[in-house]
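Asker: Features from TrEMBL:
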- 32-322: domain 'Aminotransferase class V' (DOMAIN)
- K192: N6-(pyridoxal phosphate)lysine (MOD_RES)
- D372: active site, nucleophile (ACT_SITE)
- D372, A374, D547: Mg(2+) binding site (BINDING)
- K413: active site, schiff-base intermediate with substrate (ACT_SITE)
Amino acid sequence: MINYKLLTPGPLTTTDSVKRVMMEDHCTWDDDYKQITQKIRKELLEIAHASEANYTTVLMQGSGSFGVESVLTSVVGADQKLLIIANGAYGERMMSIADHAGLCYVPYRVEYDQIPSAEKVEELLAADNEITHVVMVHSETTSGILNDIAAVAAVAKAAGCTMIVDAMSSFGGVDIPVEELGIDFLVSSANKCIQGVPGFSFIICNRKKLEESEGKARSLSLDLFDQWKTMEKDGKWRFTSPTHTVLAFAQALEEFKEEGGVAARSKRYYENNRLLIRKMKAMGIRTYISEKNQGPIITTFLYPEHHNFSFVEMYEYIKERGYAIYPGKVTDADTFRIGNIGEIYEEDILKLADIFREFFDRMKTKTAVIFDWAGTAVDYGCFAPVKAFAQVFQNAGIEPTMEEIREPMGMLKWDHIKTMLNIPRIHALWVKQYGAEPVDADVDRLYQEFEPTLFGILDQYTQPNPYVLETVQELRERGIVIGSTTGYTDDMMKIVVEGAKAAGYAPDCWFSPDAVGSKGRPYPYMIYKNMEQLGVSSVDELVKVGDTISDIKEGKSAGVFTIGVLEGSSLIGLSKEEYEDLSDEEREQILGEAKAKYEEAGADAVIKDIRGLLEYV
Ligand SMILES: *Cc1c(COP(=O)(O)O)cnc(C)c1O
């Protein structure tokens, strides 16, 4: 089940009630059905502000382009000439239609971000009196620009030409007084601003001009006059009609009226469109079309200027969060488009803006990475403390499981021991062994034993993990500085830092809980110490990477982008040999479980090995 809303200008998001009426199979010949067609035709005329005396509506099977093709190939005679005005792909498509049908035409092309000039049209018509028809797009969905049909219609009329308008994506969303403007043929379709589903187009026709077109059509199926002749009789379609689409459209028209007609719909579209543009502008995203010419239907936005930007990634990110956007279609700039027609309301725009904000935040330039130490940068599987904890608890007569030892990993070691003693099973064993609850003095005692044990083995666990050296090198080449935090104390760190340095790993700085009054993880203070030392001005510039749940919590409480690493982690807790001995299936299973734990703790991303980090900086 797909559960996202369409921010594409047709097909668009329809209401459930519109979708529901399509559950019925309707026959096409009875009066019921024919009356539905007639009612649709009549109501479309009303929306167009066109009188029944002078205008009529023809419904035509097929998508919007079929409607445009029907008009152009049916009303322009073999001895007539058409002026095609184009400032986008739909204008170009009309030329393509004309080429296919062998129509005689003159092109007037304008840059995609400019509106055609009525003065220029006037000049062209004056210079070539063979031109009999003028055609243009109202809302060029390619860019979102809204062309001035009133001005062009006025000069076309003055020159005695037939005026044709592709108002596909504007009719119903922008008020068009068809008769007053002198538009002779206006084409739109079911799946645009009336908010129906795809399947047919409709043409508001000047009766007189339509009648004059008899016999001119180059195509049988798209013969506008013939289609009208049949439909005008009693509402029967010439060939099979798209019944389900027609029922949906009739319902959509009801809802259109309920909302308050063109006025209300236009208001909603305009307000949502302008709100979106304001929100995007606040995030530094500019529109391709200037404010003055920007229509209310769809907006073309320029890509953000960031080397990390990927439309596909953004599209997927937004789709996963409930909205489908549209790639750009203009040829001279890198753009994407967002339509705001259909069942889209202010709350959708606000939600969408939040999604964009999150996405762009992720993309923000990072200047520093904070690594954890054991299990992340060195000590594959984080074994040094594990061995020492196991030893200390065994000496106290308690055999902890690997899980019990691993669970609090990443914490300051004293806190770690205390946390282990509070695990119910260990707690119970302790009470049985000593006849009393464990108290802080016991934690002190165990810790006093833990320290020398760990010190005794620590220098064997300072080797950098796979890919750490090359990843750090790459980060530095990108100008990124390296900080670090740990659950070890300063004394322990002296050994680890020295060993790692000898092996080639040396971050620009490190801080242990000793530097922050023993307020280690999940407190964020060690990260802030790093920021201070490294001169990082905002948490937005940081990435924290670690291999334990307390690492993730530290990163999230600091407000930084936080990544969990899987291979070599304490969370997985396997040595390199154990990990490599796993079957593919076992490995997938273990990685999947660890990933879920990171995500549950709030990780912004989970990477397989440390190289994955490079994707996020
Ligand atoms: C949607 C649209 C069309 C028709 O396109 P189809 O894919 O055939 O439905 C034509 N012109 C404009 C301006 C449009 O927005």
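Just so you know, the numbers here start at 1 and follow the chain as drawn.
Just so you know, glycine gets a Cβ as well, placed from its N, Cα and C.
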Asker: Taking every protein chain in this structure into account, which of the recorded positions K192, K413 has the most other Cβ atoms within 10 Å of its Cβ?
Answerer: K192
Asker: With a radius of 8 angstroms around the mean position of the C-beta atoms of D372, A374, D547, what other residues of the same chain does the Mg(2+) site pick up?
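Answerer: For the Mg(2+) site, the extra neighbours are F371, W373, G375, T376, A377, D379, C382, M409, G410, T486, G546, T548, D551, S569, S570.
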Asker: Taking the Cβ of each of the recorded positions and counting other Cβ atoms inside 10 Å, which one has the highest number: D372, D547?
Answerer: D547
Asker: Rounded to the nearest angstrom, how far is the Cα of the residue listed as 'active site, schiff-base intermediate with substrate' from the Cα of A374 (Mg(2+) binding site)?
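Answerer: Cα-Cα distance, A374 (Mg(2+) binding site) to the residue listed as 'active site, schiff-base intermediate with substrate': 13 Å.
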Asker: According to DSSP, does A374 (Mg(2+) binding site) fall in a helix, a strand, or coil?
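Answerer: Strand, per DSSP.
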Asker: If we check Cα distances from D547 (Mg(2+) binding site), which of the recorded positions K192, D372, K413 wins as closest?
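Answerer: Of all the candidates listed, D372 is nearest in space.
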Asker: Looking only at C-alpha atoms, tell me how far D372 (active site, nucleophile) is from K192 (N6-(pyridoxal phosphate)lysine), rounded to the nearest Å.
Answerer: 54
Asker: How far is it from K413 (active site, schiff-base intermediate with substrate) to K192 (N6-(pyridoxal phosphate)lysine), counting Cα to Cα, in Å?
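Answerer: If we compare the Cα positions of K413 (active site, schiff-base intermediate with substrate) and K192 (N6-(pyridoxal phosphate)lysine), the gap is 64 Å.
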Asker: Starting from the Cβ of A374 (Mg(2+) binding site), draw a 10 Å sphere and report how many other Cβ atoms land inside it.
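Answerer: Taking every protein chain into account, the count is 29.
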Asker: Helix, strand or coil for D547 (Mg(2+) binding site)? Use DSSP.
Answerer: coil
